[in-house]
Every structure is written in structure tokens, then in C-alpha cells.
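*Asks:* Got a structure for you, questions after.
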Amino acid sequence: MDPEGLALLLPPATLATLADSWLREDCPGLNPVALVTGAAPSQAVLWAKSPGVLAGRPFFDAIFAQVNCQVSWFLPEGSKLVPVAKVAEVQGPAHCLLLGERVALNMLARCSGVASAAATAVETARGTGWAGHVAGTRKTTPGFRLVEKYGLLVGGATSHRYDLGGLVMVKDNHVVAAGGVEQAVQGARRAANFALKVEVECSSLQEALEAAEAGADLVLLDNFRPEELHPTAAALKAQFPTVGVEASGGVTLDNLPQFCGPHIDVISLGMLTQAAPALDFSLKLFAEGTTPVPYARKS
């Protein structure tokens with residue numbers, strides 16, 4: 001999907017609510033430094049100072065809309081950033097522009113970091129000739145999930161289930177609580193009715209076969225070493241060819257190619273949201289009639 005079109009997935013009211021909550025977290029009361037800057041009309045340039053994938057424009061826009069500033073973009077969503085890149089310009093009252101600065105930069109750095117990691121993972125997987133889905137997980141930052149899931153999509157990965165309601169996923173603890181794989185899948189099928197798929201986390205071929213026999217749509221082979229993963233997936237597919245197979249647990253950008261194989265449909269990586277390095281952005285004010293520069297001016 002074109003990254004520019006992904007903004008349509010984000011409800012405007014949700015964007016505004018998130019932006020408002022982030023700004024209130026940073027400034028819940030008085031803003032003393034506003035008396036230093038004043039309210040004169042000002043402009044600043046957003047610079048990208050590290051390579052990666054640009055992601056998070058709708059959230060950036062929403063943050064500055066909350067503080068009465070306007071953003072003009074020079075690069076589209078999903079752009080490959082080559083530092084130092086001039087990404088956007090922000091205009092508005094000085095105290096408002098600086099009120100939104102750090103919140104907007106934090107969000108953009110994090111979202112772009114996730115997108116960059118996702119893009120690297122997808123490129124790595126495709127380089128092996130594998131055509132399955134590279135996915136994130138539900139291992140996201142509380143209160144920041146929408147940003148991170150959106151970043152995955154911009155990077156070309158799939159977001160996996162957005163929340164508990166997107167898929168009935170039976171994990172190891174659910175199996176213990178239900179009294180076994182078959183009982184857990186039966187309960188999951190009742191909960192899923194016709195609208196949701198059921199996925200079961202399995203730690204052995206025996207569990208995987210039991211889950212598929214009980215009616216699971218997908219089987220998650222968790223924490224399998226590659227040399228165990230592929231024979232297990234092949235044996236499962238031989239008996240249940242329509243069951244989807246997901247590999248997860250211990251997958252990194254370095255060892256990802258080892259998990260790609262003809263019987264694996266999905267590979268999910270928690271590190272895409274948990275360990276992706278943030279990109280480096282800065283927002284620099286400049287005086288009317290001067291040339292914007294990406295670093296602090298020297299006197």
C-alpha cells in the first residue's frame with residue numbers, strides 16, 4: 001500500500017485526542033518559558049539527521065494543529081531519508097511552535113524508527129525469495145500503540161492484530177487455564193464465531209497437530225530454532241495444508257533469513273517495536289530572510 005494513503009486509516013478525532021494528551025503530559029500547567037519567546041510569528045525547519053524511513057506525518061500535523069501552527073511538508077510519507085534532509089517547515093506563534101517541538105520530535109523519531117526497522121526486515125525477507133508476511137506483535141508501548149502499529153505499516157510490514165479483539169490468540173497460559181489445547185481451541189472457536197480467526201501458540205509438533213485438529217486457523221510456532229521450525233511446519237502442512245503457520249520468538253534482523261521458508265506464512269518480530277532505534281530529527285527556528293541551517297548557529 002502507498003504510505004501516503006495510510007493516513008486514511010487514522011480517525012481525525014483519535015489523532016486530535018492523542019496529540020492533546022501528549023501535549024498535556026508535557027505541559028499540564030504553566031509554561032514559563034513562553035514569556036521568553038513571546039508570540040511573534042515564527043518559522044522553523046524540520047531536519048532529518050539520520051538515515052531511515054520517514055513515518056508519522058499525520059501525528060506530527062495533529063500535534064501542531066493543537067497549538068495553532070501549520071506544517072508544510074517537503075517529503076512524502078515513507079520517504080527514504082538521506083541526512084541531512086530538509087523534511088518540513090512549521091509556522092506559527094513562537095511560544096506555540098516551541099510548545100509542540102519536543103512532543104512532535106519524540107513521536108516522529110519513534111514512529112520513523114519503527115518504520116525503518118520494518119522496512120529493513122521486509123527487504124531482508126524478500127531478499128531470500130520468501131513471499132510471506134513480516135509482522136509486528138502486540139509488544140508495544142502503552143499509550144503509543146497506534147503510532148507504532150502505523151509505523152510498521154509505513155515500513156511495509158503488517159501490524160498483526162491491533163488489540164485483543166482483532167484475533168482470538170490462544171497463548172500458553174490460556175492452554176493451561178483451559179485444561180489443554182483442545183479445550184482451549186473449543187472455547188476460542190465459540191468466542192470467535194464467524195467473524196474472527198483463531199490462532200494457537202504451540203511449542204511442539206504434537207501441540208500444533210492437536211490445535212489444527214481442534215479447528216485452529218493458524219498455529220504459532222513459538223521459540224523454535226530454525227532447524228526445528230521448518231521440519232515442524234512441513235509436517236503440520238502435510239496434514240493440514242490450509243492452516244496458517246506463524247514463526248515467532250527470538251527472531252532478529254540478523255537471523256531473519258533463517259526463519260524464511262516455504263511452509264512459513266508469517267514471521268513476527270517483537271523487536272520491530274521494542275528495540276527499533278529512534279531516528280534523529282531536529283526543529284530549528286530561523287529568522288525571516290535568512291537561510292535555514294540544520295544545526296545551531298554560531299555567533
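Note: Cβ is positioned from N, Cα and C throughout, glycine not excepted.
Since we're looking at a predicted model, the values are computed, not measured.
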*Asks:* Among Gly113, Gly127, Gly187, Gly270, which residue shares the quinolinate site with Arg102, Arg138, Lys139, His160, Arg161, Lys171, Glu201, Asp222, Ser248, Gly249, Gly250 according to Swiss-Prot?
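*Replies:* Of the residues offered, the record points to Gly270.
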*Asks:* Of the ranges 8-12, 53-57, 193-197, 243-247, which one does Swiss-Prot flag as region 'Important for hexamer formation'?
*Replies:* 8-12
*Asks:* Within the region 'Important for hexamer formation' (8-12), count helix residues (DSSP H, G, I), strand residues (E, B) and coil residues, in that order.
*Replies:* 3 helix, 0 strand, 2 coil
*Asks:* State the count of C-beta atoms found within 10 angstroms of the C-beta of Glu201 (quinolinate binding site), not counting that atom itself.
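*Replies:* Its Cβ has 25 other Cβ atoms within 10 Å.
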*Asks:* Once near-sequence residues are set aside, which residues in the chain of Ser248 (quinolinate binding site), 6 or more away, have Cβ atoms under 8 Å from its Cβ?
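*Replies:* Correct list: Thr137, Leu220, Leu221, Asp222, Asn223, Ile267, Ser268, Leu269, Gly270.
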*Asks:* In this structure, which of the binding-site residues Arg102, Lys139, Arg161 has the fewest other Cβ atoms within 10 Å of its Cβ?
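*Replies:* Among the binding-site residues Arg102, Lys139, Arg161, the sparsest Cβ neighbourhood within 10 Å belongs to Arg102.
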